[in-house]
Amino acid sequence: MLDPKLVRTQPQEVAARLATRGFQLDVARIEALEEQRKSVQTRTEQLQAERNARSKAIGQAKQRGEDIAPLLADVDRMGSELEEGKRQLDAIQGELDAMLLGIPNLPHESVPVGADEDANVEVRRWGTPKTFDFEVKDHVALGERHGWLDFETAAKLSGARFALMRGPIARLHRALAQFMINLHTAEHGYEEAYTPYLVQAPALQGTGQLPKFEEDLFKIGRDGEADLYLIPTAEVSLTNIVSGQILDAKQLPLKFVAHTPCFRSEAGASGRDTRGMIRQHQFDKVEMVQIVDPATSYEALEGLTANAERVLQLLELPYRVLALCTGDMGFGATKTYDLEVWVPSQDKYREISSCSNCGDFQARRMQARYRNPETGKPELVHTLNGSGLAVGRTLVAVLENYQQADGSIRVPEVLKPYMAGIEVIG
């Protein structure tokens, strides 16, 4: 959530920055609500002062033996007007809050300005895509060869956009997740967490999925119980660990990592990536989250991105890093880098990680704060998140980049300890 004071007092400036994201702020409505709020607030304060004066006058009139009935009537009338003023203020604030929940984050000044992915800026590349001397197969053909990747049975069980993995491919999938978790905890300083896969609505509101993106979520409800949602990413549960807290500055940065399944309806992805594991309703991801001092958050974003890159480097998978433009960033991000891995069968790079600094946007929604040692006052933390990595898409990249002419798959060197020394599958 944006700073309400900033939106109320500088709506034109905020609107101009949001316009670079393709978001149109209803400035006229905000200004009208602000005028109403000021008017009602002023009248309420005047009434409260008058009521206090009348109450004092009642005591003095009693001492003089005067008739206090008119004064009591005035106090009652003012009390009713004050209650009405409070109702009006609550209604105005409620509408402002609802508007604020639907407004995306402001882009950082360093973010490229553009309407869509065509305006994203390539920052760097690592590795060179391999040249194959045989016809490249996609991961579906490679996985279905021995029945180890089975979309037909998955569809029978659950419908479209699900995968059933068996045998060596299931083991390779598990090996990737274990490798990622071990790397981030042992070398990058993250604390491993095991989180619930079901969360309540306030957690999703805290990280920005609700109320705007409810159609992308899977909801579970029982009569008489609060609705629960399957997490679309462990970002939700990890970031909300600090919801409602005031942290000691010495605790920062907090760095969490978790391996979880993620669940997404893919409501806006009809017809896209219908073949294979690129876009699934259920997929595993290793998620990194950092809670940091605001002064260090953009430096932390570079480090977080490097942590995700290290996974690809150790797997020896060619990739590139993109700085997303204003029009392509996620709702809560103020700056984002995407990592795209080389997928030989598609002859292009595909997203495998998104690393974002959300500034104080999520922290304000969650009321996650730290005590500033210089002022002694609570201030909002900054939150960051990034995939380290999406396990299914990493599996796709490994299968395709490590394939051999006979359809077998070489096991990447760093994964061999997790595969009991197996060097080739298939």
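The backbone N, Cα and C atoms fix where each Cβ goes, and this holds for glycine too.
Marked as L-serine binding site by Swiss-Prot: THR233, ALA234, GLU235, GLU287, SER387. Taken from Swiss-Prot, the feature ATP binding site covers ARG264, SER265, GLU266, GLU351, ILE352, SER353, SER354, and the record attributes it to sequence analysis.
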Please report the DSSP secondary structure of GLU235 (L-serine binding site), reduced to three states.
helix
Indicate whether SER265 (ATP binding site) is helix, strand or coil by DSSP.
coil
Output the one of SER353, SER354 that, of all these binding-site residues, has the highest number of other Cβ atoms within 10 Å of its Cβ.
SER353
Relative to the Cβ of GLU287 (L-serine binding site), which residues of the same chain, six or more apart in sequence, are found under 8 Å away?
THR233, ALA234, GLU235, LEU238, VAL257, ALA258, HIS259, THR260, ASN385, GLY386, SER387, GLY388
Which chain-mates of SER265 (ATP binding site) that are at least 6 residues away have a CB under 8 A from its CB, listed by sequence?
GLU215, ASP216, LEU217, PHE218, HIS281
Give me the count of other Cβ atoms within 10 A of the Cβ belonging to SER387 (L-serine binding site).
26
